Amino acid sequence: MLPFASCLPGSLLLWAFLLLLLGAASPQDPEEPDSYTECTDGYEWDADSQHCRDVNECLTIPEACKGEMKCINHYGGYLCLPRSAAVISDLHGEGPPPPAAHAQQPNPCPQGYEPDEQESCVDVDECTQALHDCRPSQDCHNLPGSYQCTCPDGYRKIGPECVDIDECRYRYCQHRCVNLPGSFRCQCEPGFQLGPNNRSCVDVNECDMGAPCEQRCFNSYGTFLCRCNQGYELHRDGFSCSDIDECGYSSYLCQYRCVNEPGRFSCHCPQGYQLLATRLCQDIDECETGAHQCSEAQTCVNFHGGYRCVDTNRCVEPYVQVSDNRCLCPASNPLCREQPSSIVHRYMSITSERSVPADVFQIQATSVYPGAYNAFQIRSGNTQGDFYIRQINNVSAMLVLARPVTGPREYVLDLEMVTMNSLMSYRASSVLRLTVFVGAYTF
C-alpha cells in the first residue's frame, strides 16, 4: 500500500490502484522482458522482434581467433580459418532460421550446476558436453561447478598453447636421449641396456647372452673380448680361433722332430732315444736298462741310438784272453815276435757333425819303465785320415777327430804305443783296439 493512500478519497484510491495495475502490464524495456526467455548458445533474445537473433562473436569476443587466423561468423557460432581460406557465402542470403525461444523457469542452481529430475543441483561436466574453451592442445578437467584447462604431461603452457617439453635438454638420460611428443625415450650405446629406471645404462654381459666367441669370452665394460685357448690364435674376424703351427714358427722347439697338433705340438725322438722334459733327446742305454738281446756269451756295448752285442772272447790266435777286454800274445810263441804283445779292446761313441778338432779319447801307458820312451801312433783303421794322434807326454796321448763325420758309421782304430829303451836295445808295442761308433744324429 502506498504511504499516501490514506489521504485520498475512496474513488481516487480505486483509480490509483487500477493505474498501478496497468503500468505493471505495459511493455518493459527490451533488455528486461516481462517473461524469462532463453536462447541456445550463439543466440540472444531480441525484445523488439520477440525472437532469438544470432550473436556476432567476431565482434563481441575480444581476440576470438589467435595468430594468423581470421574470424568468420555464422549462425549460432563462429569459425577460425586461415586468412588465405576462401569463404563462399549463401547465394540466397538466407541462413538457417533462428531457433525459437522457449520459455523456461529460471535456473535455481549456481553457475556450473543444473537441476536434475529430482530438482537437485548436479555438476555440469563442461568437458564432456563441449561447454569449455580449452585449446586442442590442452586437456579439460571437470571441477565442481567449473572446469580447468591444463597441459598434458610432457607439455608446458607458452601463451595460450601447450608446447612439447624437450626433456633431452635436461640430460635425464645417461647415454642418448630421443625426444618424443609429450615424452622422451632413453637409449644406450652398444654393449649396454636400460636399467630399471629406464634412464641409466648398465653393462650387458655379452658372454652370458651368447657372444659369438668360438673358444673363450671375457666381458668388459660396454663390450666383450674373444680369446683363444693356448695353441690357438684369434682370427681377423675377432671371434674365431685358428690353430698355431708352432713347428712352423721355429726349428728349435724340438731337438729332433716337431709334430703340430690342434692347439699344441709334440716333440719326438728317433728310435733308441727318449724325450726329456727339456724337449731334448737322450740316448737310451739299453745295456744298462736290460733292453737288449745279447746272450750270456756276449757283451752289450751301448752307443748313440743303439747297442751292439760283441763276443766276450775277442782274442784271435796266437792271442789268448787274459781278461774281459785284454788279449795277450805269449812271448813263448814264435808267432808273437812280430806282433804287439797285447791288444786291449775299447768302445766309444760320438755324435754326427761334431765340431772339430775334437779330443775324443786319451791313451795312457799303464806301466812306466826307467829309461823307456813311448811313442803313439794310429796303426790301422784311419784310411781317410779322419783322426790323428797328439802326444801329450811320454806316457799319454790324445786321439783327435780331425774332420766332421756323419753317422751311422763305425771305425775300428788300432792305436799303438811303442816302448823303446836305447840303452837296453829294447823295443815292444801294445795295441788299444778302439771301436768308434758314430751316431746318426747330432745328439
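Note: Cβ is positioned from N, Cα and C throughout, glycine not excepted.
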Cys140 - recorded disulfide partner, Swiss-Prot, among Cys127, Cys151: Cys127
Cysteine paired with Cys315, where Swiss-Prot records a disulfide bond, from Cys327, Cys329: Cys327
Disulphide partner cysteine [Swiss-Prot] for Cys226, chosen from Cys213, Cys241: Cys213
Cys207: disulphide-linked cysteine among Cys201, Cys217 [source: Swiss-Prot]: Cys217
Swiss-Prot annotation, disulfide partner of Cys149 among Cys134, Cys151, Cys162: Cys134
Swiss-Prot annotation, pyrrolidone carboxylic acid - which of Gln28, Gln111: Gln28
Candidate nearest Cys309 (disulfide bond) in space, where candidates are the disulfide-bonded residues Cys58, Cys121, Cys151, Cys168, Cys241 and distance is Cα-Cα: Cys241
From Cys149, Cys177, Cys241, Cys294: disulfide-bonded residues whose CA lies within 10 A of Cys300 (disulfide bond): Cys294
Using Cα positions only, nearest of the recorded positions to Cys168 (disulfide bond) (Cys186, Asn198, Cys247, Cys258, Cys294): Cys186
Neighbouring disulfide-bonded residues, C-alpha within 10 angstroms of Cys254 (disulfide bond) - of Cys109, Cys151, Cys162, Cys177, Cys247: Cys247
Disulfide-bonded residues near Cys121 (disulfide bond), in sequence order, restricted to Cys71, Cys127, Cys267 and a 10 Å Cα cut-off: none
Surrounding CB atoms that lie within 10 Å of the CB of Cys149 (disulfide bond), all protein chains: 17
Helix, strand or coil at Cys168 (disulfide bond) [DSSP, three-state]: helix
